[in-house]
Amino acid sequence: MLQQVNGHNPGSDGQAREYLREDLQEFLGGEVLLYKLDDLTRVNPVTLETVLRCLQARYMADTFYTNAGCTLVALNPFKPVPQLYSPELMREYHAAPQPQKLKPHVFTVGEQTYRNVKSLIEPVNQSIVVSGESGAGKTWTSRCLMKFYAVVATSPASWESH
């Protein structure tokens, strides 16, 4: 039995469902702003519908990366988006004092792992897990990460700061 739903203490399952339905309608009522939610941990209530609607709104706004806590969710745009992977954007994420404060992007993950490796005195193994369904863009994402590492490792900013 559900004990508490968003601060409400329902007396029955029927009441709990009603509170959840009200919260869901309140959340989806502001759907115009769903594309602005760049972290799925801010979705409330967390239901399959709210998460999918948020991702759908971001996809429709050509925003293909969304955080889910410490995980990055990438949506395949199924079209070329060259400005999303430009060398200028790579440099922006590499030069940022706190890249995690920029918009969610695969370059944020790349920069965080790059800084982790560069800051270690003793080298340790690092890994990034890229997973998804067939056709989701795993190979493309891996290529983008490799290209990012190649660009930032040879940049003068890397030589000076690391």
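For all residues, glycine too, the Cβ spot is worked out from N, Cα and C.
Automated prediction, rather than curation, is the source of TrEMBL annotations.
According to TrEMBL, the protein has these features:
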| type | residues | note |
| --- | --- | --- |
| DOMAIN | 35-162 | domain 'Myosin motor' |
| BINDING | Gly132, Glu133, Ser134, Gly135, Ala136, Gly137, Lys138, Thr139 | ATP binding site |
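Positions of TrEMBL features highlighted on the structure.
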residue: Gly132; record: ATP binding site; Cβ within 10 Å: 13
residue: Glu133; record: ATP binding site; Cβ within 10 Å: 8
residue: Ser134; record: ATP binding site; Cβ within 10 Å: 5
residue: Gly135; record: ATP binding site; Cβ within 10 Å: 9
residue: Ala136; record: ATP binding site; Cβ within 10 Å: 14
residue: Gly137; record: ATP binding site; Cβ within 10 Å: 19
residue: Lys138; record: ATP binding site; Cβ within 10 Å: 15
residue: Thr139; record: ATP binding site; Cβ within 10 Å: 10
Any further residue of that chain within 8 Å (Cβ to the Cβ centroid of Gly132, Glu133, Ser134, Gly135, Ala136, Gly137, Lys138, Thr139) of the recorded ATP site: Asn76
Helix-strand-coil residue split for the domain 'Myosin motor' (35-162), DSSP-based: 70 helix, 9 strand, 49 coil
